[in-house]
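Below you'll find the structure, written out as structure tokens, and then a few comments.
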Amino acid sequence: MDTIQDVESSRLVDLVGFRLETGDSEVNHNKKPQDLVVTVNTEGQSNWNTQFPVTTSPVDGVKLTKAEEAEACGGASHAGDGDRETWGKKVDFLLSIIGFAVDLANVWRFPYLCYRNGGGAFLIPYFLMLIFGAIPLFFMELVLGQFHRDGAIAVWKIVPLFQGIGVCQCLIAYFVAFYYNVIIAWSLFYLVSSFTVNLPWMTCNNPWNTDRCSNGPNITVIDNVTVTVTSNYSVSSAAEYYERAVLGLHESEGMHDVGSPRWQLSLCLLGVFLMLYFTLWKGVKSSGKVVWVTATMPYVVLTILMIRGLTLPGAGTGILYYITPDIKRLADSQVWIDAAIQVFYSAGSGFGVHIAYASYNKFTNNCYRDCILTACINSFTSLFSGFVIFSYLGYMALKQNTTIENVATEGPGLVFVVYPEAIATLPGSVGWAIIFFVMLLTLGLDSAMGGLEAALTGFGDLIRPTKIGKMKYWREIFTGLVVGSAGMFALQNVTNGGAYLFHMWDTFAAGTAILFGVFSQAVAVSWFYGIDQLCADIQRMLGFRPSFYWRICWKFITPVFLFTIIVSSVVSYVPLEFETYTGGIYVYPSWANGVGWTIAASSMICIPAVALYKMLTTEGTITERFALNISPVWEHRSIKQGCKVSRLQRKHWLSV
């Protein structure tokens, strides 16, 4: 490959045919366009150096063969910016994507879904969805970010018509920060409360307790026989602590009466957002160091909890409930839907995080290996968490003389009620509580870091070329604005009725919207950008062309999976309800459901809105506008000069 060194960037004009013009000089070459790379050294920046392929177009008077003409009109896709910040170490990136993928859902959702949907049999649909759906999407996002070296918005120079997908993903990541960080604030509250002689959720003689409070089943002796009497009206002390002392739900009547922010939770929320700010303000150079703790600590704690859990009476029974297969459950379509939803959410595709993180990689980084390794670790963590959780649930069922069904649950109730209640009965309960909530804190923080980094990188790429982006501390200021505004919006979820708002945000902000965004991304990349072009990019980066498995998944299987889940989520939608331990079931008013769908639509609408904007603002006829907007920006010049539009050729759409 020929290289032209030390060409001043201000004099580099274009490669016309096979001739490089540099203002007052020119160099003739007999090489084909794709064999020419220009290395530019910018004056005054002796340490900066980058290589990039040069745009090609036919030269007047030069007769080209049909193959050469097609090559000159199309050309290879352009790799990203060589001046972009990179990770301090390779392992920083790996720990970051693992930390983002492995989050609270691995602990509080997967074990329950596995138990509810056939135990070990649930692993069949889970791994099928993982192999044919989530992993191909994961790899696609890593490739897009690493090759083009752009965030979730700027990367859509590959298909400008779909740039709204990036805006949609960044908005969703921003919305998630409004409520996901509240969970971390709850964890911090519990962690601070654990530094005491007696855990506050152990007893019923506290100001927040009611007459219904119970520390467990009531034991009565009748005719020398011990009988367990469990009242349907009793509430555990752990449940009252969570809903009354922490959330303050008893002081709210519902969505219309949320009240003001609770000062204790507000301070915890402030602490969480301050941690996030000082982790993110310097970019991946700073966040890459923090994940060494946040991504590894959960495994240390889970191992400790596992060892202790296996020694508890009833642990074996709980684990058997978790893994015992029930093959008949596979005939239920809901089992497959649960598996698909869990896999796609757990992999973390669609938030723009993988694209953002990968954009800071070196061009030749083996992102294929990173994808497979992260997916394996993520699945292992889910399975391992199930053994930990159900060993304690088996212990609780035995302790309360009840069945696993009566203690098994998912979501916040599992980690803030059931598990703390189990820990409180152990010798050295204070120590066990501290390490458990440290684990929750670290599990949440690196996932929260990833979501906010997606928004910072996505919108930051649009700011970087401007005057603001050239300011010395623009990253620190911009990070403060994004993190600070997210913290202000999050305050609504730490009010007395904040749990009602939290549940609404959790249901709508990243539900159907994220599935719609991922589906649009899969179609835009596989069909419009093109499988051939994507595979060529991968070969250029990694030195191999993806196999038929990857290509068939990208183009057909994954989009079909996603479309099926979207339709199912819409068809199976039921009006919002929120089940509490102390107040029964709260049914949301119809206007609250309307607000929820508005939140979901506010991000989804970006995809058609930006597409319409692109079509209206591009010059030319309708056909010309469409041709330009479905083609990568580096092909626009040749299209305007009359070259064929490859995206309008039959071969492009039929290739696999």
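Every residue, even glycine, has its Cβ placed from backbone N, Cα and C.
The feature transmembrane segment is assigned by TrEMBL to 93-111, 123-143, 263-280, 300-323, 335-360, 372-395, 432-456, 477-502, 508-531, 552-574, 594-616. Feature annotation from TrEMBL assigns Na(+) binding site to Gly99, Ala101, Val102, Asn106, Ser346, Asn378, Leu443, Asp446, Ser447. Taken from TrEMBL, the feature disulfide bond covers Cys204-Cys213.
Same-chain residues lying 6+ beyond the ends of the transmembrane segment (335-360) with a Cβ under 8 Å from its Cβ atoms: 80, 84-87, 93, 96-97, 100-101, 103, 105-106, 109-110, 113, 116-118, 122, 125-126, 128-130, 133-135, 137-138, 141-146, 148-152, 155, 166, 169-170, 172-173, 176, 283-284, 329, 367, 375, 378, 382, 447, 450-451, 453-458, 510, 514-515, 517-518, 521, 561-562, 564-565, 568-569, 572. Taking the C-alpha positions, the distance from Gly99 (Na(+) binding site) to Cys204 (disulfide bond) comes to 38 Å. For the pair formed by Ser447 (Na(+) binding site) and Cys204 (disulfide bond), distance between Cα atoms is given as 35 Å, rounded to the nearest Å. Contact between the transmembrane segment (432-456) and the transmembrane segment (93-111) holds: at least three of their C-beta pairs are under 8 Å, each pair 6 or more apart in sequence.
Look at the recorded positions Val102, Cys204, Cys213, Leu443 and count other Cβ atoms within 10 Å of each Cβ; Cys204 has the fewest.
A Cα-Cα distance of 37 Å separates Cys204 (disulfide bond) from Ser346 (Na(+) binding site).
Three or more CB pairs closer than 8 A are found between the transmembrane segment (594-616) and the transmembrane segment (508-531), so contact between the two stretches is assigned (pairs 6 or more residues apart). Among the stretches 93-111, 123-143, 263-280, the one making the largest number of Cβ pairs under 8 Å with the transmembrane segment (372-395) is 93-111. Leu443 (Na(+) binding site) sits 31 Å from Cys213 (disulfide bond), taking the C-alpha atoms as the reference points.
Cα to Cα, Ser346 (Na(+) binding site) and Cys213 (disulfide bond) are separated by 36 Å.
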